[in-house]
Amino acid sequence: MPQRHPQPAHPADGVYFGLMSGTSMDGVDGVAVRFETGRAPVVLAEAFVGFAQSLRDALFALQQPGDDEIDRESVAANALVARYAVCCHELQRTAGLSRDDVRAIGVHGQTVRHRPERGYTRQLNNPALLAELTHVDVIADFRMRDVAAGGHGAPLAPAFHATVFGAPGDTRVVCNLGGISNITILPAEGSDVRGFDCGPANALIDAWATRQLGKPYDDGGKFAARGTVHAALLDALLDEPYFTAPPPKSTGRDLFSAAWLDAKLAGFAQVAPEDVQATLTALTAVSVAREIARHAAGCKAVFVCGGGARNPVLLDALRRALQEAGVLATVDTTAALGVPPQQVEALAFAWLAYRFTARLPGNLASVTGAAGERVLGALYPR
């Protein structure tokens with residue numbers, strides 16, 4: 001059987017909120033979900049609260065070293081948490097909940113540095129302020145406990161994926177196409193669940209759309225659809241050691257930044273903007289497909305979540321890339337498994353809050369490379 005966490009010995013059943021703002025930095029996804037031992041989680045409400053451009057600019061600026069970072073980081077964290085609180089209040093309103101109905105809020109924060117090789121990962125957050133604004137217990141800082149145990153602190157969602165999406169006798173891959181792409185391999189046989197970051201996804205696709213169109217993202221992949229994949233540029237983009245590094249591994253904007261893209265584009269000034277976009281879309285698809293071919297060649301189904309699930313051009317590119325890599329797998333979204341793709345990441349952090357409350361581990365050492373399974377998170381009481 002695939003590796004799975006046991007059911008809580010001391011149930012912490014109840015309603016939890018999960019908040020996730022990913023590397024696309026466009027806003028926060030939230031869910032209200034009820035967890036009961038031995039039953040599938042039940043989503044009571046979902047919400048999305050966007051970020052103002054001024055906040056997005058501040059968050060993007062913090063991705064790179066700069067002056068007076070401590071002050072800028074603290075001010076941005078407070079503005080970020082104000083949006084988190086709005087999301088929580090919207091979840092309460094939609095689900096008809098009082099604050100006393102909610103056991104805890106699991107909040108990821110906004111990653112501004114991810115350098116586990118140097119012993120840290122930094123998620124911008126102010127959980128104390130969120131507890132004050134919502135009057136609900138807040139559980140945050142999930143990644144550092146895994147890093148402290150020698151792991152990458154990422155990805156953390158595979159433990160949740162194994163609980164919700166695993167099927168005995170059926171090898172599946174769950175692929176999150178957020179700012180960064182990552183996969184979870186749920187094997188049919190009794191081997192461990194595996195998962196890791198594959199490379200850039202919407203982080204570069206969105207950045208190029210913003211630069212060329214003045215829009216925050218490539219709506220439906222229409223910009224990419226106007227172009228043609230430039231083979232030489234794709235080869236240059238794939239000429240990055242991360243793509244062939246063995247797992248466990250994780251990455252982020254620290255590596256796959258606008259500066260990285262500009263350096264790769266330096267010798268391709270003649271390539272039309274729409275062809276660059278088509279090639280960035282292909283980069284995401286090919287990097288994911290090659291990792292699946294290396295580590296889960298026998299999988300029959302790939303289920304996509306994250307913002308990329310709303311990009312049909314990207315999904316078609318993934319289908320083609322899998323076929324070219326020799327992987328005979330269907331590609332669908334997690335909606336086919338009963339979970340809308342935009343909910344998956346927020347659900348994972350609600351689940352991690354549930355695990356913390358039960359004092360049960362939330363990581364998989366087979367995924368992150370940690371010395372063992374650990375209880376993840378820190379509590380900020382209401």
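Positions of Cβ are set from backbone N, Cα and C atoms, glycine also.
Given the structure is predicted, the values throughout are model-derived calculations rather than measurements.
In Swiss-Prot this protein carries:
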type	residues	note
BINDING	Gly22, Thr23, Ser24, Met25, Asp26, Gly27, Val28, Asp29	ATP binding site
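Everything Swiss-Prot records as a feature, shown here on the structure.
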| residue | record | Cβ neighbours (10 Å) |
| --- | --- | --- |
| Gly22 | ATP binding site | 23 |
| Thr23 | ATP binding site | 23 |
| Ser24 | ATP binding site | 21 |
| Met25 | ATP binding site | 25 |
| Asp26 | ATP binding site | 18 |
| Gly27 | ATP binding site | 19 |
| Val28 | ATP binding site | 25 |
| Asp29 | ATP binding site | 25 |
ATP site shell beyond Gly22, Thr23, Ser24, Met25, Asp26, Gly27, Val28, Asp29, criterion: Cβ within 8 Å of Cβ centroid: Met20, Ser21, Phe51, Gly178, Gly179, Gly307
